[in-house]
Amino acid sequence: MFKFFSGFGDSNEKEIRALEPLVDKINQLESSFSALSDEALKAKTAEFKERLKETFETTASAILKDIAGTTAELEEAQKTADNSKQSRLKAKLESLNKDLSVKENAALNAILPEAFAAVREASRRTIGLRHYDVQLIGGMVLHHGKIAEMRTGEGKTLVATLPLYLNSLLGKGVHLVTVNDYLARRDAYWMGPVYHALGVSVSSIYPMQTPTEELPSRLFDPTYTSETPNDPWMHFRPISRQEAYKADITYGTSTEFGFDYLRDNLRPDLAQCVQREMNYAIVDEIDNLLIDEARTPLIISAPDTEAGKLYEVFARLAPRLAAGKDYEINEKDRNAELTEDGWANVEKLLSREGVMKGSSLYDPQNAPLIRHLRNALSAKEFYKKDHQYVVKENEVIIIDEFTGRMMLGRRYSEGLHQAIEAKEHVKIQQESKTYATVTIQNLFRMYRKLCGMTGTAATEAEEFSKIYKLEVVIIPTNKPAIREDYGDQIYKDQSAKFKAVVNEINEMRNLGRPVLVGTVSIENSEMLSNMLKRQGIEHKVLNAKQHEKEAQVVAEAGKPGAVTVATNMAGRGVDILLGGKEPPKDDDKAYSQWQVHHQQVLEAGGLHVIGTERHESRRIDNQLRGRSGRQGDPGSSRFYVALDDDIMRRFGSERIQGIMEWAGMDENTPIENGLVSRTLENAQKRVEGYHFDVRKHLVEYDDVVNKHREVIYAERRKILLGADLKSNILDMIREEIMTQTAEHTQGYDSSEWNLEGLVTHIGGIFALPAEINAEALAKLSQEEITELLTRTAEELYQKKEAEIGAGSMRLLERIIMLHTLDSLWVEHLTIMENLRREIGLQAFAQRDPLIAYKNEGHVRFQELLETIKHDVVHNIYRVNIQIQHQTESATAKAASRPVQQQKPLPAAPAAAIPGVSAKAATQPAAPAAKEVGRNDPCPCGSGKKYKKCCGK
């Protein structure tokens, strides 16, 4: 059936061949589904669901019963300190859930041919698109939890409808993850009629603009019409966040899915949570998210106070330090290390500024200054305006190195963004305190079934397999690919290279071919634009500064003779159609004109792509090439390289320069041969291998905090679900009494016991009756003391409950547990961040930093658990409910009005790579009752001022 397997490899071909019988079966069903009425086609969904239900009742009922029993048993075990039993039950539950997934997939496989046939027919009737056979193959690969590599223009958006519909039949919700908000709306709206024809609901998650926004999402509903004139989304009905997640299929970005997960784990009430179980997700452009964005965790934080003075001091200091004299630059690892002369110079300058304490920068009290120094040097050497960021409206905005887009709202973390703001003399914003965080890697590893689509995944197949356990399957094209990829041309310097680029642009343009030129930075795109203007060559520029015009520029990029200069992969997700954007067929004049242009470009040779520099990743280069030659169209591509390009300067340019000098070539004569191309490719492979190791290391480090997060979030959810907190808290009290009694009554001689200390400590937990004092306890044995204090604690607990009522006591238990858990978890995250930064020093002691981090992290986590128990025990008797309306904790407020951040973490602490953070501060929600003053007593009853307690 499929003839285009050349170069795919035997295993990939076998994978495709194994799916061919299913394609044949779907094709055989086509005529019978075409004969169905619209109502009968929609009724197929109810039929499929009923068949799945019947299958589960016969094949999975025992597993479901076992899961329920094991879950109940685990909840009981968690009330005790039997860790071995808990571990055994968790392992059993994980195994049972895997067995259930196998049963579910088997049931879905049984109805796959009919379900795919139904989607194909619904698509043909509603949007006029019929799935090709290769698209059916792509849908099956996605359903099986693998990555489908499909070339540009092969219809990934349409392919996704097949597995999304099939897996939505389980009723657990499925997610389609896009690379930006526009595509989340466009794809949900475009495919909406297909799902609606099948009786399946589809929603799109919109970014929340304010914390009080009630309807930050949309549901496709043909019966609804927007009141906004010329609304491109006229059938998108506004709905709440919870309703969006209750839809059968939900489209959104990784950022929105991730922040909703974090926000749900900060909410004070389960009824406020929006997400369901993480069931099945298809990630569009999966390489962009799980490879390029892998080092970017999602963080919810709030401003932390730190004066901007130090940033300004170091912004003045950095230009006074000379590279090569005061510090050495390591471009490969992107860091700068001070020389001995540099240390002396810095100490002298800082003393003059009056910010250094003592006589040496090595003194412990000067440790924060070293971080400021590193950030200032990084801002000076590695973060250049119009390369890594732009300054717009007195604000530093990050540029996405992979797409060239402005990353509005994102900020570098760990003080780097502030250092750049100081360098650029714009307002320095406050640093942040982390309330909740999860890496992109761990977020998507939570899904029971994960898959993805992209045009370029094969080069990263090893990483997908090792980190995510995802197999890459290359899907054959619907038509043979005929694009011609020319060899690289290498020049001695940038000037000669860009002159040659301009000449080739002019040559192709004169042939009537559209030209797409990819640059690596805004600066290069604007420099090339100026060169083209001087030559009188009409062109469009697409970079972060013009991102608003992106859709329009991409739509016109395929016209005859059109020249488009774009940073990297700006416009990814939108096809460049030869002849320009295809107009509606009912517009005779416009459509006729488009056909002429389309044919003209085809005959001229199609779209020509020029890369002005090799990227560190072959995959990014392939993405640029992939803009040309879609759906069997003609096209070509060529890369131009200079010896002073970043990748050439960092890897292997000396060898190539030696070849050029040996050949006696001048600067305007290019070299083009296999040796140079292989050298370049080997350099890219080395960089890819380095970044793979970085990301693999990141997973290993983040898994430490991830295990902590799983435990804390599970405990938090149990509290919200109404777990028996009373027995848990009483157990904590008994344990505290036993521990303190044992500690204060050591030794056989009771005269040596510290009973005064014991009475003081227990009196700090609850008010002891007058008759229980050191003198009375001296007459008792250790066991009798423990028994007396425990009995007294239980009686006082019951007395408190009788005074305020059982319902109020349960509420008080929940408030104290949540407040304690949340506040201490925030502190623990800060401790782990600091530990991660410092642990790299273990390498100097010949210790593996990762092992040291795991060991230290375990100690810190045990301390966290003990501190939680301690604080709960010491607060439960002292705190009273004084008002009807529960006041939100600081953590709950962070959930409603987060400062959202994203930052790449170093793979290992020694790497010292400052990260990226995203900030989208919003206004606080209006209070339900009279606002509490900062100096008023806290309404939670702690006795502290509001600003020192819940108002932090």
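Placement of Cβ uses the backbone N, Cα and C atoms for every residue, glycine included.
According to Swiss-Prot, the features are:
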- Gln135, Gly153, Glu154, Gly155, Lys156, Thr157, Asp575: ATP binding site (BINDING)
- Cys938, Cys940, Cys949, Cys950: Zn(2+) binding site (BINDING)
- 916-930: compositional bias 'Low complexity' (COMPBIAS)
- 916-952: region 'Disordered' (REGION)
Query = What is the biggest Cα to Cα gap, in Å, among Gln135, Gly153, Glu154, Gly155, Lys156, Thr157, Asp575, the residues listed as binding ATP?
reply = 17
Remark   = One residue among the binding-site residues Gly153, Gly155 has the fewest other C-beta atoms within 10 A of its C-beta, namely Gly155
Any further residue of that chain within 8 Å (Cβ to the Cβ centroid of Gln135, Gly153, Glu154, Gly155, Lys156, Thr157, Asp575) of the recorded ATP site = Met150, Thr152, Leu158, Val159
Ask   = Reduced to three states, what secondary structure does DSSP give Thr157 (ATP binding site)?
value = helix
Ask   = In which DSSP state, out of helix, strand and coil, do we find Asp575 (ATP binding site)?
value = coil
Thr157 (ATP binding site), number of other Cβ atoms within 10 Å = 17
Task = Provide the number of Cβ atoms within 10 Å of the Cβ of Asp575 (ATP binding site), excluding the reference atom itself.
result = 18
Key: Cβ neighbours within the same chain of Glu154 (ATP binding site) - under 8 Å, at least six residues apart   = Val134, Gln135, Gly138, Ile475, Thr477, Asn478, Arg630, Gln631
Fewest other Cβ within 10 angstroms of its own Cβ, chosen from the binding-site residues Gln135, Lys156 = Lys156
